[in-house]
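Trainee: Structure below; questions to follow.
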Amino acid sequence: MNAENFGSSERLVAAAYVRQGAQGRRGHELLLRALLEQGKCPEDGWDESTIELFLHELAIMDSNNFLGNCGVGEREGRVASGLVARRHYRLIHGIGRSGDISAVQPKAAGSSLLNKLTNSVVLDIIKLAGVRTVTNCFVVPMATGMSLTLCFLTLRHKRPKAKYIIWPRIDQKSCFKSMITAGFEPVVIENVLEGDELRTNIEAVEAKIKALGAENILCVHSTTSCFAPRVPDRLEELAVICAKYDIPHIVNNAYGVQSSKCMHLIQQGARVGRIDAFVQSLDKNFMVPVGGAIIAGFDASFIQEISKMYPGRASASPSLDVLITLLSLGASGYKQLLKERKEMFSYLSSGLKKLADTHNERLLDTPHNPISLAMSLKNLDENNDVAVTQLGSMLFTRQVSGARVVPCGSVQTVNNYTFQGFMSHSNDYPCAYLNAASAIGIKKQDVDVFLKRLDKCLKTSRKEGNKEKTVNEICDSNTGTEQLAK
């Protein structure tokens, strides 16, 4: 209510009580005012009533919620189900216009304001997470793979002769298919083994640029967050090479916002060389439903070009989800989650090392990977070729999700490209292994239950492997006896 309505209320309720209510409302409005004026994530999280008040205020600014609105067009924000309308807080028009996902909609001032505020708040969080000099970003209602494709398609207009993308290998299908979908030819650069870690082959990247010609290369497509024993790419060295040969550089930072190391690599890469854009997932970094990503960069005009490349309007759901989440957490709440994730990484690492020692295995030494860990499975691999993959199935049926079991020698063809040793990021990694990650939101209970169930599965797998090995030895022995008898 406005001041006039509060004044009218005093005819019905004692003025002192009405003024007290007005002061309570004023507290909510001060929070909204600070957000609108500063465009930053509030330091302390908002309560749900303030967030819902804010969303209601935005919704009544959209034409579909005007009293007496008469819509005669093909897109008037009509919704058949009240449940659907409530699910979206009656913000039905989406974001952007047909020519620009970041443009303001005349019919939807509230949804447009939501879009602008979300991008501003997310930019503030990216700076807080470690990339201080980022200048622009926007939320796009597509997951990471398609968002990378959008970046590549934007670069096509800048480099019409280019047909290749230099890609240090990472065995994850969506980032590989993002290049194929955009119509480019990935040039796979195999990683080099340094100790247990798989690292970027900088010399091979530069040699390939010289062989193909810089003008024929659309960009270098690097990666930060990844499964151990692969570690984040050498972003600083790659950024220097890109600056040297005037080649764009797109970074797949899928779940790297939660890692200060990954964000530091991006910041340093931009400082010493060239990074044109970096893309990160909403669900993996902010614990919202799948379906959104953030495209960010250091040249505001280039990021704006990418947003204009998106055809048509877009769903506001990812923007709405991440804005609600960040307003709920506040900057302090998000920083606390980042702190807890780091602590859980150390806890998981310590527990997995003890478990590995118990089973005569080894926690692989991957100090450059700040999120993912890997434990060798040499004993299983030696006992039974099938035992490694069976371990993954055993964990999954025991409700352990997210753990990856990687056998040796797996072959996978993706869009007519054949990868040897697929999932291991290498043609011939020395051993089979199991992955586990400490990602944002993980709790101590998750780690404890995982280690307990993994311990049981390893014991079961070893018993079954030993039984089969014994049976095979007996069969071999019997066969040898029969041959001697003959």
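A Cβ is built for glycine as well, from the same backbone N, Cα and C atoms used for every other residue.
Positions annotated as pyridoxal 5'-phosphate binding site by TrEMBL: Arg75. Taken from TrEMBL, the feature substrate binding site applies to Arg97, Ser98, Gln105, Arg313. Annotation comment: TrEMBL describes Arg271, Arg398, Lys463 as tRNA binding site. Under the heading N6-(pyridoxal phosphate)lysine, TrEMBL lists Lys284.
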Trainee: Below 8 Å Cβ to Cβ and six or more residues apart, same chain only. Which residues does that give for Arg271 (tRNA binding site)?
Mentor: Thr133
Trainee: Please report how many Å separate the Cα atom of Arg313 (substrate binding site) from that of Lys284 (N6-(pyridoxal phosphate)lysine), as a whole number.
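Mentor: About 24 Å separate the Cα atoms of these two residues.
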Trainee: Give the sequence-ordered set of same-chain residues, not counting Arg97, Ser98, Gln105, Arg313, with Cβ within 8 Å of the centre of the Cβ atoms defining the substrate site.
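Mentor: Result: Gly94, Ile95, Gly96, Gly99, Asp100, Ala103, Gly312.
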Trainee: About how far apart, in whole Å, are the alpha carbons (Cα) of Arg75 (pyridoxal 5'-phosphate binding site) and Arg97 (substrate binding site)?
Mentor: 12
Trainee: For the binding-site residues listed here (Ser98, Gln105), tell me which residue's CB has the most neighbouring CB atoms inside 10 Å.
Mentor: Gln105
Trainee: Take the C-alpha atoms of Arg97 (substrate binding site) and the residue listed as 'N6-(pyridoxal phosphate)lysine' and report the distance between them in angstrom, rounded.
Mentor: 28
Trainee: Sequence gap of 6 or more, C-beta under 8 Å: which same-chain residues meet both conditions with respect to Arg398 (tRNA binding site)?
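Mentor: In sequence order, the residues whose Cβ lies under 8 Å from that of Arg398 (tRNA binding site) (at least 6 apart) are Arg453, Lys456, Cys457.
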Trainee: If you count other CB atoms within 10 A of each CB, which of Arg75, Arg97, Arg313 wins among these binding-site residues?
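Mentor: Sorting the candidates by Cβ neighbours within 10 Å, the top entry is Arg313.
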Trainee: Write down the Cα-Cα distance for Ser98 (substrate binding site) and the residue listed as 'N6-(pyridoxal phosphate)lysine', rounded and given in Å.
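Mentor: About 29 Å separates the two Cα atoms.
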